Amino acid sequence: YVAAVYEHESVLSPNPAALVDRRAALALMARNLDIYEQQVAVAAGQGAQIIVFPEDGIHGFNFTRTSIYPYLDLFLPGHSVEWNPCREPRLFNDTEVLQRLSCMALKNKIFLVANLGTKQPCEHVDPHCPSDGRYQFNTNVVFDDDGALVATYRKHNLYFEDAFDPPPEADYVLFDTPFAGKFGVFTCFDILFFEPAVNLVRQYNVKQVVYPTAWMNQLPLLSAVEFQQAFATAFNINVLAANIHHPALGMTGSGIYTPVKSFIYHNMQSSGGKLIVAEIPVITPDYKTSLESSKILGENLYHSSSVFKSVSMDDQVCYKEGQEVPCRVSQSEESLPPFYAEMMYDNFTFVPVQEDKGELKVCANTLCCYLRYHRAASTHELYALGAFDGLHTVHGTYYVQACALVKCGSLHFSSCGQEVTDAAASMDFQLWANMSTPYVFPLLLTSGVTLDFADHMGWKNDHYFISKNGTSSGLLTAALYGRWYEKD
């Protein structure tokens, strides 16, 4: 099917905390909706059957609970209200934004996914009801190609969003399409948590996801395109991700992702929006058979269990009798003392990568990471292998097990973990770790914040591994990012 995502440079309120009336709020939002309207027409003209717009794209951000109120449309549950806003505009008050989006979908015969703010009155008998008598939700809406409202999703994991309330319980939202079957829906920060994102994908066997986001990039492990791709790869699904475009705030990075190929946009230099349109294979519940018979994606990239069995790590890693831990690590580098540096606000344990080839090991708590590597040519760059096993507590609280091979900011050990965007060293590597969680997101980022794909990955002898022969350009990050949800 043909999908589109639009990275939108939103027109923002010059003073989001100021109190304005509904008319002024609608006037600001109309400027963003005018851009949406143009992009929907362009995407439909290129054959797109579905288009996704970013989080906060219509109203912007940094509002207070009170100042956002005039920007809010009425909340309507998509699964239980049969309504076509474009065809029946007078059915509900305070639905001007929904009506415009509906008409874009209808006029262009396209499924449309957008994010807006909504309000829902509540009674004080409801124990969750806020003191002002209303819920305010960060909301994704989906319209079908006839303009009907078919799905509404309320963001569950808010990221310092004082203007909004989380829903009383997590929404599991699916919608059906004639061209690709079921899609799941969630928003931005949700992608890092079990509820509802991971549970939705697993429980409902979702194979395509629409994902509006307003993501601030954080290298080396959480840039937008890097983690969006890792999510698609980890769950063998398609992800249609639309981010907002505000490079001054570190916000860029959108894409259409399949488990083995991506169409991405990451641009920290230029202004303006970007439309991505791509044709991708439908992933069906019997994905393996459809992909193996598919010429488009190349059989060697399909990470099936048979591939894991054929990738023999036994000749590269030995296991002592009764031990789960690989024991062969060359003595020359094993004796290097570890050092500590902050990465992603966490205290990682590192060992330096100082030779052109070798084997390394580093441990933190119960997690041990192993690296076998070979640099294509000597470059004057410092790399390090780092491990972290603990509770991340800055900008959100969640438990991480991470093994990461990263390029350092300079030749000083203290620079390891800094944000780096360019690298020269191409590398062959195999990275593996005794992960305690089944939820491991493989990250592979190369110079210029571009993506590369592993040759093989998966579980072997209770270790998760990722391997690559020759990165396409200089290596920035190769990492196993494990989320141990039970310990959050």
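Cβ from N, Cα, C; glycine included.
Annotations in TrEMBL come from automatic prediction, not curation.
Going by TrEMBL, these are the annotated features:
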ACT_SITE  Glu55  active site, proton acceptor
ACT_SITE  Lys155  active site, proton donor
ACT_SITE  Cys188  active site, nucleophile
DOMAIN    15-282  domain 'CN hydrolase'
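Between Lys155 (active site, proton donor) and Cys188 (active site, nucleophile), the C-alpha separation comes to 8 Å.
For the domain 'CN hydrolase' (15-282), the model's pLDDT averages out at 97.
Every protein chain shown contributes to the tally, and the Cβ of the residue listed as 'active site, proton donor' ends up with 26 other Cβ atoms within 10 Å. Sequence-distant contacts of Glu55 (active site, proton acceptor), defined by Cβ-Cβ distance under 8 angstroms and a gap of at least six in the same chain, are Asn115, Asn138, Asn140, Lys155, Thr187, Cys188, Pro212, Thr213, Ala214, Ile244. The Cβ neighbour count for Cys188 (active site, nucleophile), using a 10 Å radius over every protein chain in view, is 26.
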